[in-house]
Amino acid sequence: MLTRHRHRVIIVATLLVSKLLHVSLLRLTPTQFDLSTPGATLLEKTIRWDAVYFNSLFSKGPQFEHEWVFGPLWAKTVFALSNFTNLPSLIVGLILSNVAQLCSALVLYEYTMILSSGFSSIALKSSVLFLWSSMGVFGTVAYSENFAALWSIIGLYLREASFLNQKSSVYIFSSIFFTLAFWTRSNCIVLGAIYLYDLLTHQKKRSLFAGILLGIGVFASLYPPYSEFCPGRPWCNDLVPSLYSYAQKKYWNNGFMKYWTPNNLFNFIVASPIITLNFLASKHYYNTRLQPIVISSALFLSIIIFFAHVQIIVRISSFLPLQFWYLAHEVTEGRGQYWVLYLTIWIPLQTILYAGFLPPA
């Protein structure tokens, strides 16, 4: 218990140090458009890229088709808490994002303790590396990534815990958190592959039921935009009337290999370290009990590389903890120094670029 308490203190301290770094760099970095505004206030500097959309969604909800690509749960939660506390929605979003990141790290610690049979050193390193990840400043501002990671890691933890206590209800409960993760960020749909894996191997009935619950959650997300825009829009008559899919193609230029252009070479270079890290992690754990997470990771990598704006992997991949376990293993074996060096350079650089409203986003 003493070790656990000490490790939690280290995790909290790591979070605070990383936030101090991000806030300091945000504060000190001049904006590229107006160098005269003192502090172009610190809060204003947190509103960059997708945060511009989130800041609007917090108060108004989605007004146009292209805004429906953002998972609704994050904005709705911030909106509800803002009304309840009478605090500005941006402040609520910032607080909630950072609290979610801390909670994710603490749950990841407990989850890793189960997987490693109580090897607390690996659990601590995994959680610290989660907080010192390529997500960087995106984990400090009011983005939805931390919220999605929290639900995902809780779901993974409950699934693993159900094998220890032999309680089907705990396993099925994990699907609720996977659904919450999907409602926060759509990339979390790959978590459904875990239930398919369990169905094909050993957990027949409960994996089928959990998968059905997740499927209901996915299809339920189609109804709000359908009721808002249909009939009358081209996508309303599709076999699966998904505004999300339509908007991704029409407004965000997502689709099979659409991002594979010379102009985006820089973004592939930015993404390559984290793609490599996730690939190596998947290869390392393929023949272990983590195989279902490896399959989800492989699906995620395929979607990112072939269908999405590839550079977003640096900030959205934390919902799958495979990379953090692999890094913790490499650090323990004395082989992870180059990865740690990369993160130590990348995180401050990314923060400065973000503060200046410069790519990558």
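Keep in mind that glycine also has a Cβ here, set from the backbone N, Cα and C atoms.
Note that TrEMBL annotation is computational and uncurated.
The transmembrane segment annotation in TrEMBL covers 9-28 (among others).
According to TrEMBL, the feature transmembrane segment maps to 90-109 (among others). Within the chain, the transmembrane segment (90-109) has long-range Cβ neighbours (under 8 A, six or more residues past its boundaries) at 7-8, 11-12, 14-15, 19, 43, 46-47, 54-55, 58, 77-78, 81-82, 123-124, 126-128, 130-131, 139-147, 149-150, 153-154, 157, 318, 321, 324.
Under the heading transmembrane segment, TrEMBL lists 129-158 (among others).
Annotation source TrEMBL lists transmembrane segment at 170-196 (among others). Residues of the same chain lying 6 or more positions beyond the ends of the transmembrane segment (170-196) and with a Cβ under 8 Å from any Cβ of it are 69, 71-74, 144-145, 147-149, 151-152, 154-156, 158-159, 161-163, 203, 206-211, 213-215, 217-218, 221, 244, 292-293, 295-297, 299-300, 303-304, 316, 319-320.
The transmembrane segment annotation in TrEMBL covers 208-226 (among others). Outside the transmembrane segment (208-226) by six or more residues, the chain places 62, 65, 68, 72, 171-172, 174-176, 178-179, 182-183, 189, 191-192, 195-196, 199, 236, 240-244 with a CB less than 8 A from a CB of the stretch.
Marked as transmembrane segment by TrEMBL: 265-281 (among others). Within its own chain, the transmembrane segment (265-281) has Cβ neighbours under 8 Å at 134, 259, 297, 300-301, 304-305, 309-311, 313-314, 317, 320, 322-323, 325-327, 339, 342, 346, 359-360, counting only residues six or more beyond its boundaries.
Annotation source TrEMBL lists transmembrane segment at 293-316 (among others).
The transmembrane segment annotation in TrEMBL covers 336-357 (among others). For the transmembrane segment (336-357), the list of distant contacts is 18, 21-22, 25-26, 29-33, 45, 48-49, 132-134, 136-138, 141, 273, 277, 314, 327, 329-330: same-chain residues at least six beyond its ends, Cβ to Cβ under 8 Å.
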